[in-house]
Each structure stands twice: as C-alpha cells, then as structure tokens.
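Colleague: Here it is, the structure, as structure tokens.
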C-alpha cells in the first residue's frame, strides 16, 4: 500500500507524493493538471496549517467552532460504536440465547460462528460501498436497521419471558443477524475512517485518539455494567440501547456532514468555512499559472497547418 501523499509531502518527499497521486488518479501521468492541482492544494494546506498551528495541543480540539463540531462527532461516534447494543449481543450472546430458550452449547456455538462469518461478509461489502453511497447514507441506513431489529428483539424477548413459547425465542435469532448487518454497514468501516478524514492534518492523530479513548471507555463500562444489568432486569435492559440508537439517528441527521467526493483539504470547508486553513484558492492559482505556462511554451501552429485544419 502506498504512503499517504500528505504524509510524504510533510516529510519533504514531494516527488514520491506526485507519483502516488498520478498513479491513483491519472493513470500514472505526473504532468496531468489534476496532479498539479492536488499537489499545490496539499502543499499550501500543510503550509497554512503549520503556520497557524506551529505548536498544537489537546486544547486545540475545542478551540474553534469547527473543531468543537469535529470533537462532538468523534465523542458521539465512539459512544455509538459501543453503546448501540453490540456490546450486549457480542460479549453476552450466550446469556441472550439462554434468555430466549436456546440453551444448547452446540447451538449457541454454531450461531456465534455464523455471526462472525456474517459480520466479515457485510463489513467488507460496506467498506467497498463507502465512496459509492456516501457516509451519511450508510450511517442512517445502519441506524434504522439496528433500531428496528433491536425493537423487535426486545419485543420477542419480552414475549418469550411471559409465555415461554419456543418459536418466539427462536425468532430472536434472525433479527440478531439483521441487527449486525446494520452495525456492519457503518460502525465497522467508518468508526476509524470518518474521524480521520474530518480533522486537519495537525490534529488528525489527536482527533482519532479521542474517538478511540471514548470507545474504550464505553467498552470498560460495558464490561462491568452490562452483565449486572442483564442479570437484574434481563431483556428490559434492551430499552436503553433502543434510546441510544434513536439518539444516534438524530445526531447523524443533524451533525454528521457528507464527505463523499471531497479531498481532505476541501472537507475543512464543511467545518470551518472561511476560517479553514486550506490551500484551495492558492492551488487554483497555481493550476492556472501552470496552464498558462504550458500554453505559452507550446509552439504556435504554422499557417499551412491551420489551413489544413480549416
């Protein structure tokens, strides 16, 4: 896998960055105007960020409205990635299956193994679709599928608890698979990639670290609280995750911008507007200058050639 062009430019390896961009976007043509534009945009953005943030700190994560917006996304995404109900289903699947009458160790192991294969298939499929359908579409579809399936699982679990009707308990299993389909659509591929692309270069590592720290804190909570809650109130605990999934849908709809089809430099405009430290305008000027230079340096067409074309 090639190194990131932005990382290469930051390490004074611009020639390698140009080759990578050309190979990725222009069939290997390093003289393509698009490559020149992207190189200028990256170089000017890194220069502007380094001048504006000669010394970055953790406090910079909330120092501007745009950064506070990014920070909210990272914190909320870290929470949703672990508190959307997956912690209960993943780590305490045996308890859930016991609660709906599936007590055979063999059957529980088979269901768990099938879930892992199911997760792998849908995670890969979702990763391939990220740039085709967009981040918001995946987040919203994921949230809706998880919410509906969790509501059904909650209802079926409550019904089985009251009636001990075997088929009702068995009906929980397919909806667990549907739930994980929803989870895999967005929270598996985007919990890393989405925070990475919304932060400017100088704060990208800290922004991603924040998302991961929140996610780990949520896992810590799950480890100690979930088994106690499941033992105390059993299926009624699922209502907590139904509420969190509703909150996720509202958060995505109102605060998660679509980044599909944008460069990392251009994404900054979604959060910072005119305050964005990006080299977009300078890159445009550089591209125009390059095109003018090419036109001026190209030999003029001779008169016979002009007549032949007419």
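Glycine is treated like the rest: Cβ placed from N, Cα and C.
Note that TrEMBL annotation is computational and uncurated.
Just lifted these from TrEMBL, have a look:
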TRANSMEM  71-97  transmembrane segment
DOMAIN    71-310  domain 'Major facilitator superfamily (MFS) profile'
TRANSMEM  109-130  transmembrane segment
TRANSMEM  137-156  transmembrane segment
TRANSMEM  176-196  transmembrane segment
TRANSMEM  208-225  transmembrane segment
TRANSMEM  237-256  transmembrane segment
REGION    291-310  region 'Disordered'
Colleague: Among the recorded stretches 137-156, 176-196, 208-225, 237-256, which has the greatest number of Cβ pairs closer than 8 Å to the transmembrane segment (71-97)?
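Modeller: Stretch with maximum Cβ contacts: 208-225.
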Colleague: Same chain, outside the transmembrane segment (208-225) by at least 6, Cβ under 8 Å from its Cβ: which residues?
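Modeller: Distant Cβ neighbours of the transmembrane segment (208-225) are 61, 71, 74-75, 77-79, 81-83, 87-88, 91, 191-192, 195-196, 199.
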Colleague: Under 8 angstroms for C-beta pairs, at least 3 of them, ignoring pairs fewer than 6 apart in sequence. Is the transmembrane segment (237-256) in contact with the transmembrane segment (109-130) by that rule?
Modeller: no
Colleague: If we skip the immediate neighbours and take only residues 6+ beyond the ends of the transmembrane segment (109-130), which ones have a Cβ under 8 Å from one of its Cβ atoms?
Modeller: 93, 97, 102, 138, 173, 176-177, 180-181, 183-186, 188-190, 193, 260
Colleague: Restricting to the domain 'Major facilitator superfamily (MFS) profile' (71-310), what is the model's mean pLDDT?
Modeller: 84
